[in-house]
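Structure record follows, encoded as structure tokens.
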2 protein chains.
Amino acid sequence: MSDLLERLRSRGWRLTAQRRVVAEVLDGDHVHLTADEVHARAVGRLPEISRATVYNTLGELVTLGEVLEVSTDGRAKRYDPNAHHAHQHLICSRCGTIRDVHPTGDPLAALPTDERFGFVVSNVEVTYRGICPDCAVGAA
Amino acid sequence: MSDLLERLRSRGWRLTAQRRVVAEVLDGDHVHLTADEVHARAVGRLPEISRATVYNTLGELVTLGEVLEVSTDGRAKRYDPNAHHAHQHLICSRCGTIRDVHPTGDPLAALPTDERFGFVVSNVEVTYRGICPDCAVGAA
DNA sequence: TTGAGTGCAAAGGATTTGCAAGTGG
DNA sequence: CCACTTGCAAATCCTTTGCACTCAA
């Protein structure tokens, strides 16, 4: 559902064809794409869109808090459109697939005050790594 | 205490001046340096050492499991010499400083079986983000 | 001795930037 | 209309690579 575009518009975000396309690409699938993959899909809908614009737009969406940046161990960052639900990532070490999983409690509570060293802690990222079922089958 | 070099030697790691220097730099401070920072400090002890060698060596140490690669949100990876103690990271969103903190329980246990989607989960990374005391003071 | 390790410089991939031209509100 | 966006290409940053040379074991 594209309440993403709604939210952006109501925030006074200048809506251009390029930006709409990027938002739609992110909103469509719930996979976690790299900037380049977003660009590739965007080109399918709007052939003239440039890579720079995709980067700009993704950067803004991250700043606005509508999209999350996920740095995997590999090189290219991935973008997670699911920023409004607290969730964590489960990454396959072999093929790189990312799945969203949902925490049971508040993971922030796991850090006791005496381990905070005076930091004001506002956020936790939790990433599980393992082998996905598909890769487990394919493994030697 | 450089049992790091001990361990490496006993694993049959070919010991060169460059490798020793890199290991010493990592072993010395418990900060989390970028490859370039490691190189800069290594140059202090061994002026001819090249960046490529530092990258090679860091990569090997990671492969050997002696050092951990930490991908922060920024660009350059940081290297964590504290690979033998289970720990998590507390990162200052403003200045990028990384501190090690120590988990109370096993964070792997926090992911229930029905949230594992058939993955064989072997590892969790937990990263807390916030503002460190120094930056809190400096903030407007 | 001799293959593993090194340095250099050039290649590589991901992302950013400068600036002229386009366009949404 | 006009400040904000875009596209393009070149630039930048981090990292890897190819290859001749060196050195630890």
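Any Cβ shown, glycine's included, is placed from N, Cα and C.
Copied from TrEMBL, the annotated features are:
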type: BINDING; residues: B:C92, B:C95, B:C132, B:C135; note: Zn(2+) binding site
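When the binding-site residues B:C132, B:C135 are compared by the number of other C-beta atoms lying within 10 angstroms of their own C-beta, B:C135 comes out lowest. B:C135 (Zn(2+) binding site) falls within a helical segment according to DSSP.
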